Amino acid sequence: MFVSTYGYGQSMAPAVDQPLLHQEGARRFRRCRTAPSSDPLSTANHTSSPPKTLFGAGAAARPSFRLVGLLLAAYLLLGSLAFYLAMDHMSGTRTARALDALYFCVVTMTTVGYGDLVPASDAAKLLACAFAFAGVALVGTFLSKAADYLVEKQEALLFRALHAHRGGEARMLRAMEANKVRYKLYTAGVLLALLVASGTAVLWKVEGMRPVDALYCACATVTTLGYGDRSFSSEAGRAFAVAWITVSTVVVALFFLYAAEVYTERRQREVARWVARRRTTSMDLEAADLDGDRRVGAADFVLYKLKELGKIRQEEISEFLKEFDKLDADHSGTLSPADLALAQSPDPDPDPPNPS
């Protein structure tokens, strides 16, 4: 019976050769390298500064970041111009015409919507509808990239200040990579507290609100509630609000996003510890035997554990095996440069030579 083959750790190979075969297979599997990538630890010994791709914000992402930034600038310019021309069709608290147009554009794109400035005509309402949808789609993408970049830079500076005395750049980079989500959460929390404090101070000192009302308005703004009973009404306050609302509404969203990621990572680590401690049974070995040869090598065992952790699915493994069979032109069970050249040539040989 198939299960009984695994019952006492037996194998079809001679018993004397089993430890050597297992050790050699495990060594070969541990030496397996991934596809070429920008590993932060691999460059730690060749440069005195951390690589720019440490947190995934590499050079490849810069062109799209600049493009989204240009689109955002164009959106703000067109929106400010459009609402400037339509300001006679707006009702509410007014200050400077150009500043009010930019302020209304920012309040619309961040979905704060205080209600202190509202469209009063059909044309203005239709214009606001168009910029509301365009702003949520475009500005949300840009602000996520910009705020994430800001948080990562602050995170790196904070970590260096706290752990520079522990020695070794490679060790520091390894610790940052392992705890980067947690440090992002801490940094986003600090930034959020500073933004709420600064907004409260401006609403208190510039807008003349009571401290409790100022804190209430700041919290309602950063969470995009925008009740409308309290808002920026002075020219200086709205000039501050243009930048403050843009940054604070995204930082609070990132804070809760990182909090969810930290919780998910903790759950994943708990599952990983449970999988590592769980006793391996004959049923596990049967399930780990991917090729049906009644032997479980190091690669088979690791793939089975990855499936238990939910890191990979059986469908994905099957696709990889199909790709391997397609590239194995000589059907030897191994891949070589000759196999790749033959399998990927424009007109591969339909009858490859038999190695035997």
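For all residues, glycine too, the Cβ spot is worked out from N, Cα and C.
Look at TrEMBL and you will find 315-350 tagged as domain 'EF-hand'.
Look at TrEMBL and you will find 337-356 tagged as region 'Disordered'.
What TrEMBL records for 65-86 (among others) is transmembrane segment.
Residues 75-76, 79-84, 87, 90-92, 128, 131-132, 135-136, 139, 221, 224, 226-228, 231-233, 235, 238-239, 241-242, 245-246, 249 of the same chain, all 6+ positions outside the transmembrane segment (98-117), place their C-beta atoms under 8 angstroms from a C-beta of that stretch. Here TrEMBL flags 98-117 (among others) as transmembrane segment.
Annotation comment: TrEMBL describes 123-143 (among others) as transmembrane segment.
Positions annotated as transmembrane segment by TrEMBL: 183-204 (among others).
The transmembrane segment annotation in TrEMBL covers 239-260 (among others).
Long-range contacts of the transmembrane segment (65-86) within the same chain, counting only residues at least 6 positions beyond its ends with a Cβ under 8 Å from a Cβ of the stretch, are 97-98, 100-102, 104-106, 108-109, 119, 121, 123-124, 127, 131, 134-135, 138-139, 141-142, 145-146, 149. Using DSSP to sort the residues of the domain 'EF-hand' (315-350) gives these counts of helix, strand and coil: 20 helix, 0 strand, 16 coil.
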